[in-house]
Amino acid sequence: MPVSATGSSLNNPRPGPPLWLLAELTYRCPLQCPYCSNPLDFAETRDELDTESWFRVLREAREMGAAQLGFSGGEPLVRPDLPELIAEARRLGYYTNLITSGIGLTEAKVAQFREAGLDHIQVSFQASDPELNDAVAGSKKAFRNKLAMARAVHEAGYPMVLNFVIHRHNIHQMDDIIRLCEELGADFVELATCQYYGWAFENREGLMPSADQLATAETKVNAHRERLAAAGSAMKLIFVTPDYYEERPKACMNGWGSLFLTVAPDGTALPCHSARILPIEFPSVRDQSVSSIWYDSPGFNRYRGDAWMPEPCRSCDEKDKDFGGCRCQAYLLTGDADNADPVCGKSPHHDRVLAARRAADHATAPLAELTYRNARNSRVFAKA
Ligand code: SF4
Ligand code: SF4
């Protein structure tokens, strides 16, 4: 029987410890990306965990075996206690990664984080030029700041790790994006096509690239890979295609509650950062230890093993590979999180994914018509 890296398997759902902790420090962010994965009603979240509570979460998860720690958000730089959190994480022995838009970063802060022991910084961009970047980000100076801070991160001796979220409005820029990454001396570049959760699901029709756009982009990325390899460049291009164009779903989070633990800004513990959309009561680190949340809470045990699976997953010989796909995607596309992920060609709901692909072939909506991720729009969703 295939056994996952964590030692759990479908027939033996007792998991190993969480190895990855994603600390979503805040939902506050100065940008307004229409593909943001934060919840639509993020503006209603007011009570962020305080510094001491985060210290406790970091300590408890580390005692269980967590080794990788991501600080994300929202924009984690808005938390004034970020240097303290980094220092504590370093003291506990985590490998730490800051996932940032770069807005709010300064050279002094980069130096402060270095001093505190931060291992890794990933800076995200919205496009290869200021006009489109700032139009997508909903902010006039975003591109200029990002460029300056990407350079500052590099000069501080960090590996240059850049992330571009790719969608139908910037996918034509693949050549320019890769050239910009070379100019910046990038070591790793993640070209991640949107995954349709949160605000991206709301804006899916206006974001999803067509099959032709995707094929052209992939051809370009492969050509650049060959060119870079021939030139002896060490820059790595990682192109993440949207699973809406696959016939089998991804093994979401390597299996529910098997490896990844997300703690949201208000202390809600989640098996992935999108899962709070599900009609499941997830526990809070304010009320329970991380260990009892991970091993004993109904929310984390809900989709472990395979006893929950209906057909066609139940009798499928691929269920050890993909665990039935993504529960959030099943819920968003079928209204029932127990269903097979409709990305799967065996799902009775696969037609919904095919319809989205067809819609992407004919979409014409301009960027300005997307619903931007901001507090005003979020409050409208919260009231609905
Ligand atoms: S995706 Fe954009 S809006 Fe969302 S947290 Fe990141 S930078 Fe902010
Ligand atoms: S039917 Fe279920 S288990 Fe089988 S491949 Fe599709 S999603 Fe995976």
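Heads up, the Cβ atoms here are built off N, Cα and C, so glycines get one too.
Just so you know, TrEMBL annotations never went through curation; they're auto-generated.
The 10 Å shell around the Cβ of Cys33 ([4Fe-4S] cluster binding site) contains 26 further Cβ atoms across the protein chains shown. TrEMBL lists Cys29, Cys33, Cys36 with the feature [4Fe-4S] cluster binding site.
Here TrEMBL flags 15-230 as domain 'Radical SAM core'.
What surrounds the [4Fe-4S] cluster site, by Cβ distance within 8 Å of the Cβ centroid and not counting Cys29, Cys33, Cys36, is the set Leu31, Gln32, Tyr35, Asn38, Gly74, Ser101, Trp199, Arg373 from the same chain. Using a 10 Å Cβ-Cβ cutoff, Cys36 ([4Fe-4S] cluster binding site) registers 25 neighbours. In this view, Cys29 ([4Fe-4S] cluster binding site) is surrounded by 24 other Cβ atoms within 10 Å of its Cβ, with every protein chain counted. Looking only at the domain 'Radical SAM core' (15-230), the predicted model's pLDDT averages out at 97.
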